[in-house]
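Annotated in Swiss-Prot:
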- 105, 106, 107, 108, 109, 110, 123, 131, 132, 133, 152, 166, 173, 177: dCTP binding site (BINDING)
- 133: active site, proton donor/acceptor (ACT_SITE)
- 164-206: region 'Disordered' (REGION)
- 197-206: compositional bias 'Basic and acidic residues' (COMPBIAS)
């Protein structure tokens with residue numbers, strides 16, 4: 001069951017669901033979602049002389065991105081073909097019986113601005129700001145202003161609370177994140193850190 005506006009308001013009032021700060025409840029609550037605003041921090045992807053990015057090598061990932069902070073009232077220009085990581089202004093706490101999904105606002109979509117590439121799911125139990133995967137699919141630069149409404153959060157009620165909500169156990173590497181976070185896929189259990197380090201050292205000595 002997808003929560004309606006009244007359902008969302010009731011959850012917010014009892015603090016079963018946390019979305020904060022909300023400066024204008026009437027403007028941000030939609031018929032079956034809540035609008036989230038753009039934060040001030042961005043991670044931009046740089047051109048690099050690395051032949052390819054190995055997702056499990058933190059130093060390569062960190063070399064690939066740089067942080068930009070845009071004060072509220074100023075603009076971040078998203079150029080055609082650009083892909084950057086942004087963040088929501090709001091911090092959320094999703095209860096264990098809800099699944100949230102991030103959707104782009106239609107008005108931005110009509111300007112060819114996409115809010116997420118693949119990561120549209122916010123797991124039950126997640127706490128923190130939400131990283132946005134922003135891209136411009138159009139032919140003209142688009143000015144984005146921190147504080148503007150850029151996405152919608154839709155809530156689906158589970159048939160029963162999750163037995164292992166995000167943050168309770170395994171693989172919760174983005175729990176309580178603030179600001180946009182670059183990929184930490186290298187922390188996934190399928191990557192053997194010992195083997196990777198040995199291979200990396202071997203490459204550096206050849």
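Cβ coordinates come from backbone N, Cα and C, glycine included.
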How many whole Å apart are the CA atoms of residue 107 (dCTP binding site) and the residue listed as 'active site, proton donor/acceptor'?
17
Express the distance between the Cα positions of residue 109 (dCTP binding site) and the residue listed as 'active site, proton donor/acceptor' as a whole number of Å.
13
Between residue 123 (dCTP binding site) and residue 133 (active site, proton donor/acceptor), find the distance joining the two CA atoms and give it rounded to the nearest Å.
17
Among the binding-site residues 107, 152, which residue has its Cβ surrounded by the fewest other Cβ atoms within 10 Å?
107
Going by a 10 angstroms cut-off between Cβ atoms, which of the binding-site residues 105, 173 has the sparsest surroundings?
173
Quick one: Cα separation, residue 173 (dCTP binding site) versus residue 133 (active site, proton donor/acceptor), in Å?
18
May I ask for the distance between residue 152 (dCTP binding site) and the residue listed as 'active site, proton donor/acceptor', taken between their Cα atoms and rounded to an integer number of Å?
14
Using a 10 Å cut-off, grab the number of neighbouring Cβ atoms around the Cβ of residue 109 (dCTP binding site), all chains included.
13
